[in-house]
């Protein structure tokens with residue numbers, strides 16, 4: 001028999017109760033609860049908020065329990081919104097963060113009315129940066145490189161709607177690439193080895209996508225000459241950094257012969273190094 005409608009929990013009550021419990025583990029308990037209930041119901045969050053009371057499926061309680069054990073919401077729902085896209089994500093791939101959209105904004109500002117033709121995303125993960133750029137510039141094509149099989153699996157799934165405009169390659173940074181690119185995007189590992197991360201990050205997201213040696217700069221040391229070699233003369237590279245890494249990472253790229261600027265994220269923190277080729281001496 002169907003449950004008694006008088007005793008079955010409705011969405012509003014379930015959300016209040018779940019948000020109260022999730023406040024112990026999340027800075028956004030209400031949002032988490034809404035996303036999990038929408039997923040359990042098989043609808044969008046917007047539809048949930050417009051739909052009023054509804055019967056709550058048993059799967060919701062299981063999802064809340066997993067969230068209380070610090071499993072990231074994006075891993076539970078299997079999706080993450082980034083830029084204009086809804087991306088497939090899950091265990092084995094870094095979850096895209098809103099702060100990383102700063103790199104796309106920097107690229108758009110650099111090109112203005114122009115558009116890049118060749119785009120490279122080093123350490124593509126889920127494909128977030130590459131696919132966001134391809135979505136913005138429909139005439140461009142790009143390459144995403146990652147060494148992780150798991151991450152590339154998600155990137156390939158996310159790239160299916162791009163009609164072959166995204167080539168996804170397994171490799172160690174740009175070891176197998178030739179030619180130059182108008183736009184290079186990169187969100188490398190930059191967390192210090194002894195950093196104290198939230199449980200949902202430290203226990204669930206791939207360490208290989210997070211940590212970069214004692215000072216967090218190991219991958220920038222490798223990337224500086226690579227990006228300098230692959231960047232087209234009028235191109236730009238947008239590279240994510242930690243909030244206190246502008247000087248350290250910037251010096252590495254400057255040492256490779258690149259001009260370095262920095263863009264802040266919406267929280268006012270240094271987030272994106274903007275790298276270009278300085279003009280040739282006879283052009284100054």
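For all residues, glycine too, the Cβ spot is worked out from N, Cα and C.
Annotation source TrEMBL lists domain 'Release factor glutamine methyltransferase N-terminal' at 14-78.
In terms of DSSP helix, strand and coil, the domain 'Methyltransferase small' (108-195) has 26 helix, 23 strand, 39 coil. Per TrEMBL, domain 'Methyltransferase small' is recorded for 108-195.
Cβ environment of residue 126 (S-adenosyl-L-methionine binding site): 80, 82, 87, 88, 89, 93, 94, 95, 96, 151, 154, 155, 158 lie under 8 Å away, each six or more residues apart in the same chain. As annotated by TrEMBL, S-adenosyl-L-methionine binding site applies to 123, 124, 125, 126, 127, 146, 173, 187.
Proximity of residue 189 (substrate binding site) to non-local residues of its own chain (separation of 6 or more, Cβ distance below 8 Å) is seen for 123, 208, 209, 210, 211, 212, 216, 218, 219, given in sequence order. Summarising the annotation, TrEMBL assigns substrate binding site to 187, 188, 189, 190.
The C-beta environment of residue 190 (substrate binding site), restricted to residues of the same chain at least 6 apart in sequence and closer than 8 Å, consists of 212, 216, 217, 219, 220, 240, 241, 242, 245, 249.
For the pair formed by residue 127 (S-adenosyl-L-methionine binding site) and residue 188 (substrate binding site), distance between Cα atoms is given as 13 Å, rounded to the nearest Å. Looking at residue 188 (substrate binding site) and residue 173 (S-adenosyl-L-methionine binding site), their Cα atoms lie 10 Å from each other. Of all the binding-site residues given, namely 125, 127, 188, the one with the smallest number of surrounding CB atoms inside 10 A is 188.
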